[in-house]
């Protein structure tokens with residue numbers, strides 16, 4: 001199999017990268033009716049598999065789970081989750097031949113084996129669904145020409161997909177049809193019905209492409225969503241402790257600081273996040289973020305280049321074939337870091353203190369979000385896609401760190417995201433560790449910025465620069481569809 005994206009000519013590549021249209025709510029007037037009366041079989045019962053299935057069943061669809069025979073015989077976690085929630089569970093041979101839509105929600109590294117196992121069992125004219133297009137785009141999986149291939153990609157972890165649905169809402173979602181596999185022209189109708197069944201139509205749906213989803217998703221998770229948070233956590237903790245801060249306080253400031261800071265980002269973008277700072281601190285955070293962008297732009301561009309070319313995917317798949325040696329080594333090294341092993345702080349940190357004492361962290365968030373967005377857009381990805389894969393998902397990832405530090409983040413995200421995170425963080429830490437971190441001033445981290453005087457003209461120009469960045473323009477529109485999403489709890 002060959003990387004699908006690399007088989008396209010330049011015009012086709014640019015066309016696929018640039019596919020992105022925000023769909024009107026009137027386009028979902030029929031909601032999930034196109035799939036009602038049809039049999040949907042989900043392969044895989046992890047976080048996305050279970051929670052999408054629960055939502056789809058509650059939307060009136062006929063849902064069953066196909067698991068490997070050994071998972072059923074040994075009553076593994078996937079079997080327990082499906083049966084405990086009252087779903088029909090059977091082997092591939094039992095359920096796949098009956099399915100009108102087979103939804104593959106297994107991890108990326110299992111996709112080829114799963115698809116090669118289920119494809120011969122699928123009936124003529126059935127549909128195959130994904131929530132991430134890596135198998136199609138990067139692996140280049142070939143699907144039978146009578147099978148329709150669609151994607152519905154919620155832009156949240158599976159648990160959030162369920163919680164927002166239970167509240168009568170949903171999470172922003174990307175949908176797509178594989179242009180090589182839409183023999184009956186029904187792919188978009190299937191994808192729309194599936195998205196509506198998960199509740200995604202209530203929060204906003206982008207009609208995208210498999211290519212645009214994969215390339216933007218990989219870029220976001222490697223850089224700002226995971227890699228920047230990991231690098232920022234390790235660098236900030238070590239800096240605080242080296243300057244005499246209590247390790248327990250330093251750990252809590254960072255562990256819960258990302259969540260607190262990005263909650264403001266979620267509600268009002270970079271503008272609101274920066275507005276939570278005093279005027280002198282805002283000017284300092286802006287200056288730091290510009291400095292960071294200058295230093296880190298080549299690293300962001302390298303990751304985007306390697307994603308576009310397929311270099312990243314080929315390297316990761318080589319590690320799959322080598323029993324994940326690199327991934328497991330990097331995971332072990334992360335677990336041994338000082339931040340991960342620091343004592344817990346019993347005291348309370350007020351919400352505003354996270355901003356006042358975390359000016360560097362605010363600057364890192366701003367720089368990372370803007371760089372990821374700018375790099376994606378300059379590579380042909382449309383602004384709406386770039387927004388969802390940079391700013392939108394960041395509070396959700398930060399929330400995982402608040403639960404159990406970097407360990408929890410790396411457990412919750414996919415192995416693909418985790419591998420990319422380590423690649424980025426392992427390059428970013430040495431890039432910033434010496435010259436940049438050594439140049440920090442008192443008030444950048446661990447203590448509030450001293451002084452109250454500001455230059456009005458400078459403050460005016462900085463405010464205008466923040467508010468006029470393209471991610472703020474598109475973000476204001478997209479956040480208008482998400483006002484009903486719940487607030488992430490912020491720890492004290």
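Placed from the backbone N, Cα and C atoms, the Cβ positions cover glycine too.
When 182, 217, 238 are compared with the Mg(2+) 2 site residues 389, 393 in Swiss-Prot, the one appearing in that site is 217. In the three-state DSSP reading, residue 217 (Mg(2+) 1 binding site) counts as helix. Taking H, G and I as helix, E and B as strand and the rest as coil, DSSP gives the domain 'KARI C-terminal knotted 2' (345-485) the counts 100 helix, 0 strand, 41 coil.
Separating the Cα atoms of residue 414 (substrate binding site) and residue 389 (Mg(2+) 2 binding site) is a whole-number distance of 15 Å. Between residue 221 (Mg(2+) 1 binding site) and residue 78 (NADP(+) binding site), the C-alpha separation comes to 26 Å. In this view, the densest Cβ surroundings among the binding-site residues 78, 414 belong to 78, judged by other Cβ atoms lying within 10 Å. Long-range Cβ neighbours of residue 109 (NADP(+) binding site) (same chain, at least 6 residues apart, Cβ-Cβ under 8 Å): 320, 415, 416.
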